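**Q** My questions will all concern the structure given below.
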Amino acid sequence: MPKVKALQCALALEIRSVTCPGVVLKDKEDIYLSICVFGQYKKTQCVPANFPLVFNARMVFEKVFPEAVDPGDVVAQLEYDTALFELIQLVPPVGETLSTYDENTRDFMFPGPNQISGHHDSNRQVTMRRISGLRGIAPKLEFSTTSVITECLISSRKCRTQDKFVYHTAPVEKPHSRLQNRTSRSQKKKSKSPERNKYCINAKNYEQPTTSKSHSPSPYTKRRMCELSEDTRRRLAHLNLGPYEFKKETDKPPFVIRHVDPPSPRADALFGSPGRDCERDGWSRLHNDHSHLGCYRPKDYKVIRTPHGRDFDESLERCEDYLSSRSCSKPQHSARTLLVHSAPSTMPKHSPSPVLNRASLRERFHSDWCSPSNCDEIHDRVKNVLKSHQAHQRHLYDERDPEKEDELELKRGLLYRDSAYDSDPEYSSFQRPRGTLHLDDGEYWSNRAASYKGKSHRPIFENSMDKIYRNLYKKACSSVSHTQESF
């Protein structure tokens, strides 16, 4: 293979320190600096979280441009690359980026005269951008760069570049292990290592078109794929997963659903069949819905009918006989039916519920339940509760108590006497009951003022509360604005 000349760009980067005077970090974990140039990521050693951060790290980045003819082409291609610096603190779980700095690789490698501190010195200082965890001024990065563009032979240089790339992307070693690295390198130089030839072979193989190799699925994948339904397989057919046929290793028993025989027609009349019909229709819609094709559904299942269905029918017959014997009017029977509908759907299997053996509400509370007025009132209240969106637990009816009637009459008499006191100017204010309402700014609203102005206490009280809340809101807004101005 003939050797072709190419241009190689090398960057020697020396990172000195990161300074940020007067800034103290809240976290005490170590910090390191991550650098990305030519798409190659490298990082410095970790240092304590105390400014200034002294790194004194030296790194070399190299990249070959086989299509470049002159250095101008290399510089033009560097405009599309970005040099990135990230100051990262080892805060669990994945670390926290404190500040960053990014610049065009061309301007980073070949800075202008105003970006260099001295005429013969290549030291540079750039201001990084704060992200989080830093309070105060932005940190400043001090480093120096040396850039060289040279010619190389692409056939022999590829092996060397691959070797250097593997070495540079290795984890950063600690200083005490440098001696071991030097001895190992000297031994590798003395002996003819086959690694370089291996890199050359890999580079030649990389030029050839690559082909994907198929692997047999793992047992877990095989087991999971066997559990997919036929609908899911049809959905995955356009992915061309291959002609592999997934077969079950062991035949599993079918999915079992325990089912109870349907109740007798009399029980359906008691509980109401429309609810079950709606539930059955919803279940059929769920099975026939094409939006659930990706969900797992068993292909076959059995229905096991238990002998407890007979007990269920017997309990329903007992319940029906009990309700028919206890019912005294048609509205009461409808109320009982609604009560049964609100109970849980699961019924006892072996014996009827002990609730059926309890005494009725009439026997427990000793009230006249069978009167037509009470039954109509109960029926109307149940209708209102069912129509409302927010049904609260409340009493079905209120018993008429003579003591309550007396209290209402007493309150009416007091109100009438209060109005009579207001109309009588000779009646002393110390002898009559006070009905004044405290307003804002030391004002009071009395019954006499209400009778003169034709306004009751309620709207006056609401206006007073509106003024009070409006003043509180203004005070809160002014206090917030004062605090913001102080900050």
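A Cβ is built for glycine as well, from the same backbone N, Cα and C atoms used for every other residue.
The SUMO2 cross-link annotation in Swiss-Prot covers K247. Per Swiss-Prot, phosphoserine is recorded for S216, S218, S264, S273, S324, S342, S345, S353, S423, S464, S486, and the stated evidence type is similarity to another entry. Annotation source Swiss-Prot lists region 'Disordered' at 170-221. Positions annotated as signal peptide by Swiss-Prot, on the basis of sequence analysis: 1-17.
Give me the structural setting of these features: burial, nearby parts and distances.
**A** Classification of S464 (phosphoserine) by DSSP places it within a helix.
Other C-beta atoms found within 10 angstroms of the C-beta of S486 (phosphoserine) number 6, with every protein chain shown included.
Distant neighbours of the signal peptide (1-17): 33, 35, 37-38, 44, 52-66, 68-71, 73-74, 78, 109, 123, 141-157, 161; these residues of the same chain sit at least 6 beyond its ends, with a Cβ under 8 Å from one of its Cβ atoms.
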**Q** Could you measure between S486 (phosphoserine) and S464 (phosphoserine) for me? Cα positions, answer in whole angstrom.
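**A** With the alpha carbons as reference points, the distance is 33 Å.
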**Q** Measure from the Cβ of S464 (phosphoserine) and count the other Cβ atoms within 10 Å, all protein chains considered.
**A** 17
